[in-house]
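Structure first, commentary second.
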Amino acid sequence: MRNLKLFERFKSTQVHAFTTQDSPSTSSNGSPRMMKFLGHPKSKSRSLLPHGFPTTDLLEPPLDSYLKPIDLVESLSNLYRRIESSSESEASMLYLEQYAVLRSLGDAKLLRRCLLNARRHAIDVPCKVVFSAWLRFFRREHELVGVESMDCNGLASECPKTSLTHGCDLNVDDEGCECSTVCEDEFGSDDVKISKADEFSGLDEVSDISFCVGSEKAKCVRSRIAALSRPFEAMLYGSFVESTTSEIDFSENGISIEAMLALNIYSRIKRVDLFRVETVFELLQLASKFCCDDLKSECEARLAASVTDLDKALTFVEYALEERTTLLLSACLQVFLRELPQSLHNPKVMRFFCSSEAKEQLAFLGSECVFLLYYFLSQVGMEEKLTTDTMLILLERTREFARTNWQKALSLHQMGCVLFERKDYKAAQFHFRLASSLGHVYSLAGVSRTEYKQGKRYSAYRLMNFLISNHKPHGWMYQERSLYNVGVEKLKDLATATELDPTLSFPYKYRAVMKFEQKQIKEAFQEIDRLIQFKLSPECLELRAWLYLATGDRESCLRDLRAVLSLEPNYVVFGGKMRDDLVEALTAQCIEVESEADCWVRLFDRWSAVDDVASLAVVHQMLQNDPSKNFLRFRQSLLLLRLNCQGAAMRCLRMAWNLATSEAERLVYEGWLLYDMGYVEETLTKAEEAISIQRSFEAFFLKAYALADKNLDADEISCVVQVLEEALKCPSDGLRKGQALNNLGSIYINLGMLDQAETAYKNAIEIKHIRARQGLARVYFLKNQRKEACEEMTKLIEKSCSKAAAYEKRSEYCEREKAKEDLDMATTLDPLRTYPYRYRAAVLMDDQRETEAVEELSKAIAFRPELQTLHLRAAFHEATGNLSLATQDCEAALCLDPNHTETLHLYSRSKDQASSIDNTIFGLD
């Protein structure tokens with residue numbers, strides 16, 4: 001049902017920003033001088049320099065703070081083999097390693113799956129607690145208003161109660177969490193009086209021994225107390241004097257009479273949930289002293305369940321460390337971790353994690369658990385862009401508890417990155433060198449950068465030269481060397497970097513600024529536009545906004561600034577904090593105040609022209625004019641998804657959820673958030689709940705979207721048609737109805753109802769849903785009207801601002817040479833699209849140019865190792881008899897998707913052939 005998808009979700013990659021932190025011209029907030037500048041429309045670009053305009057001397061790419069294997073395919077292949085052959089106790093940390101390796105791809109769903117698998121295979125409670133909190137943080141649930149950190153959201157993998165049980169939970173996320181069906185407070189109130197325990201059976205047994213605390217007595221049953229542990233049994237039935245007396249003085253044991261009374265009750269009914277927390281603490285001490293294992297476990301569980309907020313966690317954690325009670329400590333850690341990122345800024349929490357005492361006391365959990373704990377904390381800190389002393393301590397703890405090479409290399413490299421941001425270049429260089437000595441070659445880029453920052457430009461250049469000469473070249477190597485090169489050689493390095501890895505932002509930005517400085521204004525815009533049309537980021541839009549402002553085009557500048565704020569509302573730009581009054585000042589100078597109707601007309605126009613950046617800007621303006629129009633935030637999220645800005649899209653959805661004015665509206669947004677995580681059944685449930693409250697277009701649309709994602713037969717697919725028809729009966733605007741009609745056409749195609757599909761697409765086109773031309777072209781093609789199909793796609797190309805997908809699709813309806821031209825154009829416009837590489841490789845393979853076919857696929861794999869491309873290259877290797885490389889590509893592909901049926905078959909076949917050849921050779925020997 002892929003045809004029903006509205007949005008193409010590409011795997012996002014690391015954004016490379018230009019940094020101006022070393023620039024003396026950067027102002028603190030940018031507003032006073034900027035306001036002055038706004039009064040001069042004809043100002044030249046040079047007058048912008050004091051305001052922080054990026055010059056070529058100031059531009060440099062940031063150092064990536066994650067693992068970057070020198071051969072990612074080989075690393076993935078190796079990981080897959082180790083995961084497949086791992087024991088139950090090894091699997092969890094291998095999935096964590098997979099997460100660390102795949103961070104460079106930036107695929108949120110893939111990374112979440114790694115964490116989920118790690119959580120499923122985790123055995124120890126502390127590890128389960130960390131993974132559970134990590135999964136929760138990954139979804140940014142802390143941004144949802146009204147959701148408490150210790151709430152269960154219905155997902156078993158993130159449930160705070162489920163995490164506190166020992167052992168693997170391999171099916172933890174296949175079904176919803178059942179904890180909501182259990183009584184919320186299964187332990188009762190702390191204020192329950194012990195006297196009420198008389199209501200329980202078993203308490204009427206006659207007492208035959210008393211434990212005295214001062215003048216008070218706790219009457220007990222000798223046999224029941226003896227059954228609690230061997231020490232008690234020896235004391236009460238052994239050769240000790242206590243075995244022959246009916247009263248035992250316990251005054252010197254530091255135990256209160258209330259605790260002894262509680263011990264009596266526990267010995268009879270085996271429950272501790274009746275007692276106050278203070279009493280349970282005493283029972284736990286007594287259990288530790290007299291080796292009452294069952295009592296100790298019960299007390300730990302009771303205390304762990306009572307740790308429900310930060311204050312209690314801070315109170316209990318010291319005791320948990322002193323008594324080395326794993327469960328209670330895990331419960332305290334869980335509260336700290338589920339409060340992230342806020343707890344990173346809590347002095348008491350950070351004092352605990354950063355203290356040398358805690359480091360020593362936490363060690364009893366095992367180095368694996370403690371490494372995981374500090375790794376998670378440090379990753380949250382990296383995402384929060386912390387460069388404080390606390391951040392360095394967290395990374396240092398991560399390094400201290402690291403045991404494998406990848407763990408040590410990653411923590412050292414990240415310490416280098418933080419120290420580099422702090423401008424402590426000598427210390428940063430030391431850590432980068434250590435990381436590189438452990439096999440992390442990318443850390444040498446950090447070494448060369450710190451050399452450069454310390455005035456050793458030639459030394460930095462030589463190091464990168466050595467790297468390029470001794471390893472398979474990567475785009476980042478040439479990008480890094482370009483910083484230390486000059487003139488024509490610098491531009492050659494940048495060109496090579498773009499050729500090897502077109503996703504790198506820095507080369508485009510450098511060339512754009514350079515051309516602008518050389519007064520090649522048109523070429524400067526073309527250069528930055530090349531990047532923006534396939535990889536949208538705040539940094540790139542910011543640069544283009546500067547160019548527009550410098551050339552006096554304030555309207556285009558304002559459009560890009562609004563898009564920047566849509567992507568990142570708190571983005572720092574123009575040498576200081578982006579402020580609303582700057583946008584307002586530009587608005588006042590660009591256009592007259594638009595009415596709501598004018599904005600809708602403009603949004604309709606830009607949406608229809610597939611001008612997503614301009615559409616984002618209009619939606620931002622409409623929200624600024626009237627923030628109460630919450631449905632616009634949902635539209636914003638759709639646009640951001642289409643632009644492959646998944647993080648920003650999910651933030652918009654969370655904001656819409658927070659500001660929803662009705663339960664039905666909130667359920668729809670919650671459904672989309674669940675859908676994005678892959679929870680189709682839960683999404684359907686939310687859609688049904690929303691429909692039961694209020695029949696709305698968005699609720700029916702969500703239901704249809706989720707249904708179409710399931711494996712349905714023909715009868716079930718027809719249900720999707722009915723749901724979409726119900727959606728179209730509900731009030732909505734033309735933009736959304738156009739999308740519904742477009743989806744309806746896709747369903748009709750799947751059902752073989754081509755005439756109905758044609759009607760649906762034409763109706764969508766009538767209300768200016770231009771993307772429906774792609775569906776209409778498909779209908780014509782299926783009706784053997786290839787010429788008409790090609791013409792429809794040509795119309796889409798002519799009318800659309802974003803053309804790469806249209807060129808790619810038109811290639812399916814053209815003759816071979818024309819198809820190749822279209823696919824070449826698609827690659828030029830959007831090098832992230834992998835289908836053109838696969839098509840060209842298949843053509844080369846058909847022409848028996850096997851080496852060139854493999855090289856074509858290798859180009860794409862070098863910067864985007866995607867499943868289908870790896871599978872195809874594996875098939876080519878198999879066809880040419882290179883079975884070892886075929887196996888390696890299959891393993892790398894299966895590391896991305898272990899259930900991909902075709903790759904599994906190819907992998908099995910390649911291994912069988914290789915084994916057969918080995919056996920033949922062995923027989924000849």
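A Cβ is built for glycine as well, from the same backbone N, Cα and C atoms used for every other residue.
Shown for the domain 'BTB' (207-307): DSSP residue counts in helix, strand and coil, namely 60 helix, 13 strand, 28 coil. Under the heading domain 'BTB', Swiss-Prot lists 207-307.
Taken from Swiss-Prot, the feature repeat 'TPR 1' applies to 409-442. Within its own chain, the repeat 'TPR 1' (409-442) has Cβ neighbours under 8 Å at 21, 63-68, 70, 100, 375, 378, 382, 386-387, 391-392, 395-396, 398-399, 402, 449-451, 453-454, 467, 471, 476, counting only residues six or more beyond its boundaries.
The average pLDDT for the coiled coil (509-533) in the predicted structure is 95. The coiled coil annotation in Swiss-Prot covers 509-533.
As annotated by Swiss-Prot, repeat 'TPR 2' applies to 538-571.
Marked as repeat 'TPR 3' by Swiss-Prot: 664-697.
Per Swiss-Prot, repeat 'TPR 4' is recorded for 738-771. Remote same-chain residues near the repeat 'TPR 4' (738-771) are listed as 1, 3-4, 6, 604, 608-610, 697, 701, 704-705, 708, 714, 717-718, 720-721, 724-725, 727-728, 732, 778-779, 782-783, 796, 799-800 (criterion: CB distance under 8 Å, separation of at least six residues from the stretch ends).
Taken from Swiss-Prot, the feature repeat 'TPR 5' covers 773-803. With DSSP states grouped into helix (H, G, I), strand (E, B) and coil, the repeat 'TPR 5' (773-803) comes out at 24 helix, 0 strand, 7 coil.
The repeat 'TPR 6' annotation in Swiss-Prot covers 834-867.
Annotated repeat 'TPR 7' per Swiss-Prot: 869-900, in sequence order. With DSSP states grouped into helix (H, G, I), strand (E, B) and coil, the repeat 'TPR 7' (869-900) comes out at 25 helix, 0 strand, 7 coil.
Remote same-chain residues near the repeat 'TPR 6' (834-867) are listed as 11, 13, 72-73, 76, 105, 474-475, 500-503, 808, 811, 816, 819-820, 823-824, 826-827, 873, 876-877, 879-880, 892-893, 896-897, 900, 903 (criterion: CB distance under 8 Å, separation of at least six residues from the stretch ends). Secondary structure by DSSP for the repeat 'TPR 1' (409-442): 26 helix, 0 strand, 8 coil. Taking H, G and I as helix, E and B as strand and the rest as coil, DSSP gives the repeat 'TPR 6' (834-867) the counts 27 helix, 0 strand, 7 coil. The helix, strand and coil residue counts that DSSP assigns across the repeat 'TPR 4' (738-771) are 26 helix, 0 strand, 8 coil.
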